[in-house]
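Student: Residues annotated as transmembrane segment in TrEMBL: 12-34, 46-67, 87-106, 112-133, 145-166, 186-205, 217-237, 276-295. Positions annotated as domain 'Sugar phosphate transporter' by TrEMBL: 19-134, 139-291. If you look up TrEMBL, you'll see 322-343 marked as region 'Disordered'. As annotated by TrEMBL, compositional bias 'Acidic residues' applies to 328-343.
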């Protein structure tokens, strides 16, 4: 009887993990292809990103309200001093990372985007060393490539600052919903100057937005942008669910296979041309990421204590909520997570 119960528990955990990984894949791969598809007809990626930030902020605020009503405990609200001094650098780096990434879709294919973004782990390691968080242990378009490479570079700063922000227990931002809630307004403001310079005039004179003639077309455009925002929020929250119910190692491994799936789908659905040299370079990059993940796992297992790892995982675009769970929150946060998941 006991053996049977263990087998059932193991199968249930395996099914749950697989379901969470598939949910994460749907949002992650889905938003990549959706944004690429949308930028083919809507040539304002910065405005699109800003609207996504507004949607994420809205859903984060609603989630916080649901949790607060259920638990009868007030959610953390930072002072203006802490907000501007500690959150602003992370928000600015995140806004530039996401904005430049979406901007690059105007010029490059999904396959080149995926391969270039995979290099961000190198920048994460470099800036982790600088901040002492880590110990030493195709079809081509130059403009698009420069944008996504710049996003990868900024992503290294972004995830290092995000880790520092989430590790500061006195801020109380260990819950990812609170983190997203506080980041989005400053991200919006940080991205606005770029939008005003590069897209503001064109957007105001475009028939798809401010000089619209067809109300139906306007509603379809806004609906498409709003759907992208829902996907962006779902991506962050699916990462949180995956990590909180399994581990950051699971997310890292899932991220590696996700990159391969994205490339295969890009070649099959979009007709991206991927040469043998592209595949060899991509395989080399993923091998390095895999080795990094394996070494981190072995190091954590050798330590024997559950202290949080210093480094971020393999895929920077997939780890906003990587450090969501703190040991001291434990079971008290479990009920809140379940409620937010249902909302």
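Just so it is clear, glycine is given a Cβ too, placed from its N, Cα and C backbone atoms.
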Student: Kindly state the mean pLDDT of the domain 'Sugar phosphate transporter' (139-291) in the predicted structure.
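Tutor: Per the prediction, mean pLDDT sits at 78 for the domain 'Sugar phosphate transporter' (139-291).
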Student: With CB pairs under 8 Å as the measure, which of the listed stretches 12-34, 46-67, 186-205, 217-237 comes out on top against the transmembrane segment (87-106)?
Tutor: 186-205
Student: Of the stretches 12-34, 46-67, 217-237, which racks up the most C-beta pairs under 8 Å with the transmembrane segment (186-205)?
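Tutor: Looking only at 12-34, 46-67, 217-237, the most contacts with the transmembrane segment (186-205) come from 46-67.
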